[in-house]
Structures are given as C-alpha cells and as structure tokens.
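A.B. asks: Have a look at this one.
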Amino acid sequence: MSTPALLALEDGSVFRGESIGADGQAVGEVVFNTAMSGYQEILTDPSYFRQIVTLTYPHIGNVGVNPEDRESEHHHPVGLIIRDVPPRVSSWRARGDLPSYLRERGIIGIAGIDTRRLTRILRDKGAQNGCMVTGDSAEFEAIEVARTFPGIQGMDLAKEVTTRNAYPWEQGCWNLSDGFEKVTHTEHPWHVVAYDFGIKHNILRLLVSHGCRVTVAPAQTPVEEVLAMAPQGVFLSNGPGDPAPCGYAIAAIGTLLDVGMPLFGICLGHQLLALASGAKTMKMKFGHHGANHPVQELDTGRVLITSQNHGFAVDENTLPGNVRMTHRSLFDGSLQGIHLADRPAFGFQGHPEASPGPQDVGHLFEHFIGLMAERASERGSSL
C-alpha cells in the first residue's frame, strides 16, 4: 500500500499524491525544470540546494539510476515532484530504480500530482516556497510551514555546498567504449584553479579534456592562496543561492581582474564576475530551468540551444562601459553572457557543460584556453 504525501505552496495551493521517496518533511523554493531526461544529474546538481524540483515531463524514472551520471558526491534538492514513475526500468546502464534511490538518500519524492497545474502556478505567480510532507498531514499546517521559509533571495548558499579542502581533479569526459578518460596532471600544461561555489563534475571533466590540470578550491579560499598556486587561469563555478551576499567571492574576483588573470564564469560564477565588474543582479520571477533554452550569440547572430538552471540574472541596464553583452535569451530577452573589454574575463549564464542537455556552447571552454594562451604569450611564457 502506497504512502500518501502532499505539497503545499505559500499561496495556499495544495497537491496530494503518493510518496516515492523518503518519509518526512521538506521545505524549500519550488521550481520547475522542463528537461525530458537527466533527473539524476538534476538531483546531484548543487545549484538546486534548498529547492524542490518539479519535472514537467510526465514519465520520470524510465532509465533508472547509475553511478556515472552524478554531478556531485551529494544530493542537493530537498524534494522531487513528478507526474508518474514507471513500474519498470529500461536501460542497460541502470543499476537501480529512482524510488529506491530517493529513499536511500533521504530525498522526499511525490508522484501522482498534476504537474501541469503546478507549473502554471509557478509560471504565473513566480517561484513559490513550498512544504512537502509524507503521511496523513493537515493541509493548513503544511501551508504555514511553507510560509515560514525565508526564501532563497539574500542567502549565500555557495559556502554551504562548497568543498572543505582543495583537491586535484584528473577525470576527463565519458565515452561509450572506455568510460571516463583518466589523465595525469603532467599531461596537461594549463593550470586552472576552479573556485567551487557548487561545481558540477562535468565542468571539471571538460576542463581536463580541453588540456587543463585542475585544482578545485573552496569558495572562501583567499585570493592570495589562489595566486600562490600559480594558475594560468581561474574558473568561477555554478552554484546555488543569491550572488549578492557572496562578498568574499566578489572581492577575490576583483583582485583577479586587477592582476589580469584570465577568468571564465558559469551561472553563479558569471553573476559574481558581473558584480565584481560593477554590474548588479536581480531575482527572476521563476528562473530558467531546462535543457532546451535558445540563446543568441550576438556577434554572429547564431542561435544556440542551451541547458539552464538559475533563479537570478545580471541586470543588463547596470553593465559598466567596459563590459559588453555577448548572449541573449530568446525566451525572455534576459542577458546570457558578458565579456570584459579590458580584461581577459567572460561569463555565460547557462551551462556549456550541459549534463543534462545539448552541448552547443561547449566552444566557450576553447575560448578560455585561448585567453590563457594569449596571456602566456604576452608574458613571454612558453609551454
């Protein structure tokens, strides 16, 4: 016999379904993701920390779960909401099913609710705080719990999900015949320090596969320690929460800009780069969460299909004169990329590493390598 469960939103909306995960209660910001696949990557993406994720595609769990598709070592959404979980798993890569995976990791999950109705509420009213409860629970109590959640705005969550110690990363990208590429640092000459604000594994894999030896550093690592590692470039990772309270990161990036360090920021890292450059950020109504978002590259007019996962954005009206917009969303016109005119630094709001999603923007990693090569040439360095 299935266990009942409910989702209550701060606006008073209530959805009842059945539990497919752990027992208990979860509170967070409810967002929706339109990707048809990639649920395991989503569950392990640190950018979803303290959020409840609604997947709009009706059938979730078809391909089961496996050890290779994790994007971090931990599980970050506090809850998962789906329409239907198939009774059978069908994939040669599967090593388990989604409900068991959720239960083993303490993630609350609900199936059997009208996710189309829920998505319309979030689209029309904006991201809502919500409370998920398993068992026979009173609706009014769950609504009150949802209303007590302070929300994501104003929260510095990067320091909650970052690594506690620096470490090297040596794993490259996955391929069907050999699995993950394994390299040693001596094979790759470009030393990149990656600030971990909630970094995904596939970002690190792509850096390695593009010829970088990578050192991952905690979010609050003093910039002096980063410079002492003698990197040729610094990567600013994705991550959860509001970028504005991350003063330690903004100050560090400002120093890196002053010394002319090549910088590449993705998602939260892109927003932090913009703040360090003098721009401002803003909370979006319901954010961008999906794997089919069209973005225009302004220099060429080319349209790229991108993976997106963010609830904050850079306000293009606040860009200083030395920062130009490079990409724009074709869904809502919001800013998607920046490049500094007088520094080797750029950022992209979406996820070029995909996982899940298309890889149309993967060339940005090559641009980062190019910036490091240009600086090395100017400084008289040789590989």
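The backbone N, Cα and C atoms fix where each Cβ goes, and this holds for glycine too.
Nobody curates TrEMBL annotations by hand; they come from automatic prediction.
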A.B. asks: According to TrEMBL, GLY239, GLY241, LEU268, GLN271, ASN309, GLY311, PHE312 bind L-glutamine; which one of SER47, SER72, SER90, SER91 is annotated to that same site?
C.D. replies: SER47
A.B. asks: Would you mind sorting out which of GLY241, PHE312, GLU353 (the recorded positions) have a C-alpha within 10 A of the one on CYS267 (active site, nucleophile)?
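C.D. replies: Near CYS267 (active site, nucleophile), where near means Cα within 10 Å, the recorded positions are PHE312.
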A.B. asks: Looking at the binding-site residues GLY239, GLY241, GLY311, which sits with the largest number of other Cβ atoms within 10 Å of its Cβ?
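C.D. replies: The residue with the densest Cβ neighbourhood is GLY239.
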A.B. asks: Does anything in the same chain, at least 6 positions from GLN271 (L-glutamine binding site), have a Cβ under 8 Å from its Cβ, and if so what?
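C.D. replies: Those within reach of GLN271 (L-glutamine binding site), by Cβ under 8 Å and sequence separation of 6 or more, are PRO243, GLY265, THR281, HIS310, PHE312, ALA313, VAL314, GLY347, GLN349.
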A.B. asks: Using DSSP, what's the helix, strand and coil tally for the domain 'Carbamoyl-phosphate synthase small subunit N-terminal' (3-133)?
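C.D. replies: Tallied per class, the domain 'Carbamoyl-phosphate synthase small subunit N-terminal' (3-133) gives 29 helix, 43 strand, 59 coil.
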A.B. asks: Applying a 10 Å Cβ distance cut-off over all chains shown, what neighbour count does ASN309 (L-glutamine binding site) have?
C.D. replies: 28
